[in-house]
Amino acid sequence: MSERTLVLVKPDGVRRGVVGEVISRIERKGLNIVALELRTLSRETAEDHYAEHRERPFFGELVDFITGGPLVAMVVEGPRAIEAFRALAGATDPVKAAPGTIRGDHALEIGENIVHGSDSPESAAREVKLFFPELG
Ligand code: IDP
């Protein structure tokens, strides 16, 4: 049973030049990239994407950051793709993320943690639709 997840290489990852490495890790794992686009998010899309964090104190900062430069959005597919990509990404706090994971190897601050991956089938469906409505 295959599933889909939305992966973002956030603006810090694009600036730091790790897009190729993130793609390479996804491919090495055996997951398939079925859509990919470089784009700069509008505040509206960013606020929709992070709607669950609207009441958090860091929400404004998060929206400023995610709209602050181009990002790479991808739909990644494979068996248990949601869990598989989150394992590649590592813990949200990059200091706690295990070395060998994307965040563990490339980041130090929670607000600039390089990648996003959907955290459940429900959020994956919502996020894929938000970024790639044509995929249905
Ligand atoms: P996740 O990206 O690992 O799923 P979430 O808890 O859903 O983590 O948080 C979404 C994003 O919000 C994180 O990736 C991180 O960039 C940002 N974030 C989470 N907690 C904080 C915080 O305490 N300060 C600043 N940014 C945060």
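Even glycines carry a Cβ here, placed using N, Cα and C.
A 10 Å cutoff on Cβ-Cβ distances gives H116 (active site, pros-phosphohistidine intermediate) a total of 23 other Cβ atoms nearby, all chains included. Under the heading active site, pros-phosphohistidine intermediate, TrEMBL lists H116.
If you look up TrEMBL, you'll see K10, F58, R86, T92, R103, N113 marked as ATP binding site. In three-state terms derived from DSSP, T92 (ATP binding site) belongs to neither a helical nor a strand segment and is classed as coil. Neighbour count (other Cβ atoms within 10 Å of the Cβ, all protein chains): 13 for T92 (ATP binding site).
The domain 'Nucleoside diphosphate kinase-like' annotation in TrEMBL covers 2-136. Across the domain 'Nucleoside diphosphate kinase-like' (2-136), DSSP assigns 62 helix, 32 strand, 41 coil.
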Same chain, |i - j| six or more, Cβ under 8 Å of R103 (ATP binding site); the result in sequence order is A89, G90, A91, T92, P94, A97, N113, I114, V115
Distant-in-sequence Cβ neighbours of F58 (ATP binding site), under 8 Å, six or more positions away = G111
Lowest 10 Å Cβ neighbour count of the binding-site residues K10, R86 is held by R86
